[in-house]
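Engineer: Mind having a look at this structure? Questions to follow.
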Amino acid sequence: MLDDTIAAIATPLGEGAIGIVRVSGPEAVAIAEKLFVSRTGVDWRKQGSHRLFYGLVVDPATGQPVDEVLLGVMYAPRTFTREDVVEFNCHGGIVPLRRILELVLQHGARLAEPGEFTRRAFLNGRLDLAQAESILDIIRAKTEAGLAVAMSLLAGELSSRVRAFQDRLLGLVAQVEASIDFPEEGIEEATREDMVESVRAIMGDLEELLRQARYGKVYREGLRTVIVGRPNVGKSSLLNSLLREKRAIVTEIPGTTRDIIEEVVNIRGIPIRLADTAGLRKTDDIVERIGVERSRDLVKMADLVLVVLDASTGLTPEDRSILELVREQTGIILVNKSDIGDGEALARQVTPLFPDKPVQVISVKTGQGLAQVEEAIERMILGGQAVASQLPLVSHVRHKQALARCYEHLQEVLRALSAGENLDLVAIDLRAAWEALGEITGTTVAEDIIDRIFRDFCIGK
Ligand SMILES: Nc1nc2c(c(=O)[nH]1)N(C=O)[C@@H](CNc1ccc(C(=O)N[C@@H](CCC(=O)O)C(=O)O)cc1)CN2
Ligand SMILES: Nc1nc2c(ncn2[C@@H]2O[C@H](COP(=O)(O)OP(=O)(O)OP(=O)(O)O)[C@@H](O)[C@H]2O)c(=O)[nH]1
Ligand SMILES: [K+]
C-alpha cells in the first residue's frame, strides 16, 4: 500500500490567494521533475530538503505553461509522512488546482483517500494514533483553549502519560511472571501487598485522568446549549448580548444532523454552541412550540439548557411547564429583567422547586449578573470547579473509554490478588489493562477503528 504515491488538493476549493497540491510517496520527486520547470536557473534537485523553488508547471504533453508556482520539496524520512513530499503552491483557483492535480495523477500518483497523508504519518511511525487524531481537532478547534487542548495532544502529552502507565503495568507483569516461574517458592505475602499498592497507585492516577475526561470533550466538541423561555422574557436579548459582548462568534457551523445553524460563543475558552432556536423564540405559544418535534429534539439533545424567566411578571404557569420539560436536564435558571422587577424574590421562589439548577438573577439590559452566568456555566462543566486548573489531557470519548477499560481490568487484578487467586489470572488481566491503553496510541488497535478515525478527515489532510 505504501509503495504508491498519493496526491490531493490540500487547500479548500474556492477562490483563494494560494492553493496547494500535495504529493507524497516514492514517485513524488520524479513527478515534480516531469512537471516543474525552474525559472531561476537553480537546479532544485541539487539543493537540500525543505526548500521552495520558483518556476512554472508545464504540461509535458503540450509544452503549455499551466501556472506559475512555488514548488516545495521535502525529502524522506524527515517529512510529515516520512516519505518524499512535494507541494505545488499554485494560484488558489479551482482550475489551476484541478489542472495540476490532474497532471500529477497522469504522471504516476493516485488520488489520496481522506486522511491518507496523516494515516501514512501514523503508519510510518511519525505520529501515534492519538497524535494523528489531534490534527483534526486542530482544524476544528472553536476556541483558543480548544486549540491548546488539541496541541497538547499533538505534542504527545497524553501519549507519554499512557506510555508511562504501560511501563508501570509491564513492571508488574514481570514481577508476577517471575513468581509464576518459580511456583515452588510461591508468592510472598509482602510481594502481594506490594503489588496491590502499585495497582492502587496506578488506578488513582487513572481516576484523575478520567475526571478530566468528563469535561475534556467539551473543549473539542463544544457544549450544545439552548435558550428557552416564554415569549418576551428576553431570550433574543440574552443571545445577542452573549454574541455581541463576547465579540467572539468563532464560526458558524451547520448542525450535524439537522438543518439548524449554530453559532459558537467563546465563554472562558469553552465553545458554547448556541443552536439558532428561532423556531422556539418566534412562536406565540412556547410550550406548544416545544412540543414540535424539532424543537423538542433540540432541547433534549442539549448539553445545557438556559431557562429564562421574567422578574417583572413573576412565575407563570407557562414558566412552570417549561421548567418541568427540562427538569431532568443540566440547566441554569436565569431570572431576567431584575432592573424592573424583584429578581431576588423570584429566585427565592424557584430555587426550592428546582434544586438541581443554579438560579442567577440577571438583567440583560443593565448587564447585571451576566458575568456570573459565565461562571455558572463554567462551574457546571468543570464539575464544580470555578476555573479549570489545567487543560484536560483527555478530550476524546475513545480515549476515555480505553482508560476506563484499563481501569476495569485493574479492578479485576486487585480482586484476584486479594482473593489469593492464581497468578496466571492476574497476569492476564494486567496484560489486558496494558492492551486497553495501547488503543489510545494505536499499538493495539483494530484496523476498523483506524479506518473510522481517518474517514472523518478531509482529502488532502
Ligand atoms: N505546506 C504545508 N503546510 C503545513 C503542513 C504541510 O504538510 N504542508 N502541515 C502538515 O499537515 C502542517 C505542518 N506540519 C508539519 C509537520 C512536520 C513536517 C516535517 O517536515 N517534519 C519533519 C521535520 C523536518 C526537519 O526537522 O527538518 C519531521 O518530522 O521529520 C512538516 C509539516 C501545517 N502546515
Ligand atoms: N427592562 C428590561 N427589559 C428587557 C431585558 N431583557 C430584555 N428586555 C426587553 O424585553 C423585550 C423582549 O425581549 P426579547 O429578547 O425579544 O425576548 P424574547 O424572549 O426573545 O421574546 P420572543 O422572541 O417573543 O420569544 C424587549 O423589548 C427587550 O428589550 C431586561 O433585562 N430588562
Ligand atoms: K425576540
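Note that Cβ sites are derived from N, Cα and C of the backbone, with glycine treated the same way.
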Engineer: Determine which of LYS400, LYS461 appears in TrEMBL for the same (6S)-5-formyl-5,6,7,8-tetrahydrofolate site as ARG22, GLU87, ARG126.
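Structural biologist: As annotated by TrEMBL, ARG22, GLU87, ARG126 share the (6S)-5-formyl-5,6,7,8-tetrahydrofolate site with LYS461, chosen from LYS400, LYS461.
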Engineer: Measuring Cα to Cα, how far is ARG22 ((6S)-5-formyl-5,6,7,8-tetrahydrofolate binding site) from SER236 (Mg(2+) binding site) in Å?
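Structural biologist: A Cα-Cα distance of 45 Å.
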Engineer: State the Cα to Cα distance, in Å, between GLU87 ((6S)-5-formyl-5,6,7,8-tetrahydrofolate binding site) and SER236 (Mg(2+) binding site), rounded to an integer.
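Structural biologist: Answer for this pair: 48 Å between alpha carbons.
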Engineer: Taking ligand 2 as the reference and 6 angstroms as the Cβ limit (strictly under), which binding-site residues among ARG22, GLU87, ARG126, SER236, LYS461 are close?
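Structural biologist: By the Cβ criterion, which requires under 6 Å to ligand 2, the hits are SER236.
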Engineer: How many Å lie between the Cα of ARG126 ((6S)-5-formyl-5,6,7,8-tetrahydrofolate binding site) and the Cα of SER236 (Mg(2+) binding site)?
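Structural biologist: Answer for this pair: 49 Å between alpha carbons.
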Engineer: Go through the binding-site residues ARG22, GLU87, ARG126, ASN232, SER236, LYS461 and pull out the ones with a Cβ less than 6 angstroms from some atom of ligand 3.
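Structural biologist: Only SER236 qualify.
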Engineer: Across all chains shown, how many C-beta atoms besides its own are within 10 angstroms of the C-beta of ARG126 ((6S)-5-formyl-5,6,7,8-tetrahydrofolate binding site)?
Structural biologist: 18
Engineer: Cβ under 6 Å from ligand 1: which of the binding-site residues GLU87, LYS235, LYS461 qualify?
Structural biologist: GLU87
Engineer: In the three-state scheme derived from DSSP, which category covers LYS461 ((6S)-5-formyl-5,6,7,8-tetrahydrofolate binding site)?
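Structural biologist: For LYS461 ((6S)-5-formyl-5,6,7,8-tetrahydrofolate binding site) - judged by DSSP and reduced to three states - the answer is coil.
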